[in-house]
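The phosphotyrosine feature in Swiss-Prot is assigned to Tyr37. Taken from Swiss-Prot, the feature region 'Domain linker' applies to 215-220. Annotation source Swiss-Prot lists UMP binding site at Ser257, Asp259, Lys281, Thr282, His283, Asp317, Thr321, Ser372, Gln430, Gln431, Tyr432, Gly450, Arg451, citing similarity to another entry. According to Swiss-Prot, the feature orotidine 5'-phosphate binding site maps to Ser257, Lys281, Lys314, Asp317, Thr321, Ser372, Gln430, Gln431, Tyr432, Gly450, Arg451. The feature active site, for OMPdecase activity is assigned by Swiss-Prot to Lys314, Asp317, with similarity to another entry given as support.
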Amino acid sequence: MEVASQALGPLVTELYDVQAFKFGSFVLKSGLSSPVYIDLRGIVSRPRLLSQVADILFQTAKNAGISFDSVCGVPYTALPLATVICSANHIPMLIRRKETKDYGTKRLVEGEINPGQTCLVIEDVVTSGASVLETVEVLQKEGLKVTDAIVLLDREQGGKDKLQAQGIRLHAVCTLSQMLEILQQQEKIDADMVGRVKRFIQENVFSAANHNGLPPPEKKACKELSFGARAELPGTHPLASKLLRLMQKKETNLCLSADVSEARELLQLADALGPSICMLKTHVDILNDFTLDVMEELTALAKRHEFLIFEDRKFADIGNTVKKQYESGTFKIASWADIVNAHVVPGSGVVKGLQEVGLPLHRACLLIAEMSSAGSLATGNYTKAAVGMAEEHCEFVIGFISGSRVSMKPEFLHLTPGVQLETGGDHLGQQYNSPQEVIGKRGSDVIIVGRGILAAANRLEAAEMYRKAAWEAYLSRLAVQ
């Protein structure tokens with residue numbers, strides 16, 4: 001049952017006035033450019049408005065006749081809404097974490113859980129329904145029943161149908177169409193803007209699986225942002241912006257994996273292939289003659305040829321230990337490496353430890369979300385945990401080592417190892433994919449190539465072949481509409 005228009009109209013208008021609803025041109029986390037942007041986070045600083053929104057959400061649940069024992073807000077914007085609802089109406093609340101903490105109870109759901117009881121999910125905005133489903137799945141794993149979700153605004157992009165296909169009824173206080181109608185009547189927006197928003201919504205609907213179990217029709221891909229455009233996004237890390245700009249300028253998304261054992265060869269590779277690459281990946285612990293002077297020379301070459309240095313250290317210990325490994329010891333990695341990487345197995349402490357050293361030096365980190373070796377355990381929930389950790393520490397983490405795109409946020413970079421011009425593998429379990437497969441089909445940004453170049457008779461010629469193949473795959477991906 002819809003909320004009475006006399007209550008809805010003033011609420012929509014006030015939300016517009018406090019800039020919860022914005023119109024213009026905005027880049028969404030999917031990379032799409034949208035004429036409307038909805039951001040309700042600011043209402044936490046407006047207690048009266050926060051209470052109004054919470055009350056209208058609760059009334060919507062009552063009007064729908066929903067029976068429930070507890071309430072859980074989708075993190076993070078819906079958490080304060082759920083808190084106000086539960087406090088005002090004396091209802092038990094559950095809090096869902098985005099990731100398990102490495103201390104305390106280590107639980108994903110906090111609060112008194114009674115398996116078999118029904119939990120009502122609260123959300124601020126629904127687009128595809130994915131965030132609601134993630135919360136539903138976590139609650140169901142705790143033995144709770146979830147049948148309904150209440151949302152303030154349904155963007156009408158397929159989320160309701162997607163949730164319905166999973167047995168979840170979505171009840172919206174307001175739809176995007178209703179919001180547009182109210183704001184146009186109040187002369188907050190004109191007919192042209194209403195038309196632009198409606199066209200955008202119609203062209204970007206997320207399809208749910210059919211009830212007969214068949215997969216949804218293939219959705220037409222939308223043109224994504226170029227490297228240059230991604231560099232200018234307000235949420236892009238400064239070092240990621242630098243990398244994206246030099247990639248655009250040099251027309252290269254090739255990272256050379258310089259796994260050599262002699263410093264002289266490392267420097268020769270950097271000098272000869274520097275113009276063809278955007279990054280040079282090192283394994284300094286395999287250099288027989290490592291010195292900090294060598295790294296000083298490498299840093300000078302990186303500056304001359306405009307590429308970044310990525311030390312493939314794969315940190316995987318507790319925070320205090322990785323901090324020391326990064327900052328001191330024989331290699332003093334933080335003093336010369338622009339970027340390092342880390343496993344997520346130890347929990348967020350590994351990032352926090354690296355961050356304490358790297359942030360003041362304007363360094364950055366990649367998280368290992370997937371690996372190119374046969375039998376890798378970096379899949380499924382492990383990959384999801386890596387994405388969640390990156391989002392939580394985006395001031396230091398700039399992306400992932402992965403076999404494909406694992407996050408739709410254009411601010412994050414994806415680097416893929418195990419690339420050769422021909423697919424295949426080696427006797428130690430390394431699996432190879434082509435640049436077209438990795439960049440064009442799997443949505444990665446940068447290919448990491450080692451043996452395909454190092455084993456070639458003419459390394460510069462081989463590097464140029466990989467550079468061109470990867471860049472052409474990127475351009476082809478941009479051209480898809």
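The backbone N, Cα and C atoms fix where each Cβ goes, glycine too.
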Rounded to the nearest Å - Cα separation of His283 (UMP binding site) and Lys314 (orotidine 5'-phosphate binding site): 10
Using a 10 Å cut-off on Cβ-Cβ distances across all protein chains shown, tell me which of the binding-site residues (Ser257, Thr321) has the largest neighbour count. Ser257
Among Tyr37, Lys314, Asp317, i.e. the recorded positions, the one with its Cα nearest that of Tyr432 (UMP binding site) is Lys314
Among the binding-site residues His283, Lys314, whose Cβ has the fewest other Cβ atoms within 10 Å? Lys314
Where the distance is taken from Cα to Cα, which of the binding-site residues Lys281, Thr321, Arg451 turns out closest to Tyr37 (phosphotyrosine)? Lys281
Under a criterion of Cβ-Cβ distance under 8 Å and sequence separation of at least 6, what residues of the same chain contact Asp317 (active site, for OMPdecase activity)? Gln325, Pro346, Val350
Can you give me the Cα-Cα distance between Lys281 (UMP binding site) and Lys314 (orotidine 5'-phosphate binding site) in Å, rounded to a whole number? 12
His283 (UMP binding site) - helix vs strand vs coil (DSSP): coil
